[in-house]
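Annotated features in TrEMBL:
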type: ACT_SITE; residues: H205; note: active site, proton acceptor
type: BINDING; residues: G36, A37, A38, G39, G40, I41, G42, D62, N122, I145, S146, N147, M256; note: NAD(+) binding site
type: BINDING; residues: R109, R115, N147, R181; note: substrate binding site
type: DOMAIN; residues: 31-173; note: domain 'Lactate/malate dehydrogenase N-terminal'
type: DOMAIN; residues: 175-338; note: domain 'Lactate/malate dehydrogenase C-terminal'
Amino acid sequence: MFRSMLVRSSSSAKQAVIRRSFSSGSVPERKVAILGAAGGIGQPLALLMKLNPLVSSLSLYDIANTPGVAADVGHINTRSEVVGYMGDENLAKALEGADLVIIPAGVPRKPGMTRDDLFNINAGIVKNLCSAIAKYCPHALINMISNPVNSTVPIAAEIFKKAGMYDEKKLFGVTTLDVVRARTFYAGKANVPVAEVNVPVIGGHAGVTILPVFSQATPQANLSGDVLTALTKRTQDGGTEVVEAKAGKGSATLSMAYAGALFADACLKGLNGVPDVIECSYVQSTITELPFFASKVRLGKNGVEEVLDLGPLSDFEKEGLEALKPELKSSIEKGVMFANQ
């Protein structure tokens, strides 16, 4: 079920056959650890990863309530064994042997909060977790969900560098929710089936740093400039839209868990040697003058196999690209500075 949900109909029939045949044969043992597994994103993400047949061991960690989440999810009749770990003293066990670590830990946004308001709390949490990752599973792929991603990914990079364990190919900021939203909103305006839609999203993962490249969307639709401008703004403000709709009762936890599960699945496929796995992600990059940038990335056995070029941009998108750079640069520098305090 989960697998068919994840394979894009836009991929070629040949790729779909390869992926289906791969999943039905013997697949490698893969341990996935979720740090922050008892939280608003962590719980639905744990459920979705339990449904993924590529996962053989699911390790759920949080500072509280993890045994209950693990007991609940562990009753589901799918492949993976589930173990819950609670508290700092069990973090090492949660991480040891992990192939993929997903980090949704931290506090969620509330109405009126920006992602930068989260920085002081979440930056410290990420710093501590990454120090443990460097020690107990230094070769794992890292999927960073904790906001502000524009800063937490540079923090993680600095912590790994200090430990002598940094591999830029294995550190990912998860921006998939921006892609998921762009697809959904575009399909609604273009009146095309959403399952057939793909829209690359570049830049960063907050407000104006999110730049959906609708000029490269497939299938192509002849939308007016005003509509594309509105779609861009809605994609950028998607998180705020949910925070306000929940009226103080949470943030975009369910859609983020779905997007996180999509990206984790792509990483696992890459690790297992499935060809042509391409997703957008916020990674160390040289395609702009900024050290970290979100764009299309080819995933493979080493994590990032290739950071793909941005491709042709419309004039509107070129303006958006230049406009986002100062804010993204500032967020990166803020993360680096925090990590080196």
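Heads up, the Cβ atoms here are built off N, Cα and C, so glycines get one too.
Summarising the NAD(+) site geometry, the residues cited as binding it (G36, A37, A38, G39, G40, I41, G42, D62, N122, I145, S146, N147, M256) extend over a maximum Cα to Cα distance of 18 Å. Rounded to a whole number, the C-alpha distance linking R181 (substrate binding site) with M256 (NAD(+) binding site) is 10 angstrom.
Cα-Cα distance from M256 (NAD(+) binding site) to N147 (substrate binding site): 12 Å (rounded to the nearest whole number). Taking the Cβ of R109 (substrate binding site) as centre and 10 Å as the limit, one finds 20 other Cβ atoms among all the protein chains shown. Remark: G42 (NAD(+) binding site) has I34, G36, L60, D62, V69, P104, A105, A257 as non-local neighbours, by Cβ distance under 8 Å and separation of at least 6 in sequence. Neighbour list (A38 (NAD(+) binding site), Cβ cut-off 8 Å, at least 6 residues apart, same chain): L60, D62, A64, N65, T66, G68, V69.
Here is what falls inside 10 Å of the CA of H205 (active site, proton acceptor) among the binding-site residues G40, R109, S146, N147: N147.
Reported as a whole number, the C-alpha separation between R109 (substrate binding site) and S146 (NAD(+) binding site) equals 11 Å. Taking only the Cα positions, the spacing between N147 (substrate binding site) and N122 (NAD(+) binding site) is 7 angstrom. Taking Cβ-Cβ distances under 8 Å and a sequence separation of 6 or more, the neighbours of S146 (NAD(+) binding site) in its chain are G36, I103, P104, A105, G106, N122, I125, V126, T152. Neighbours of N122 (NAD(+) binding site), defined as other CB atoms within 10 A of its CB across all chains, total 24.
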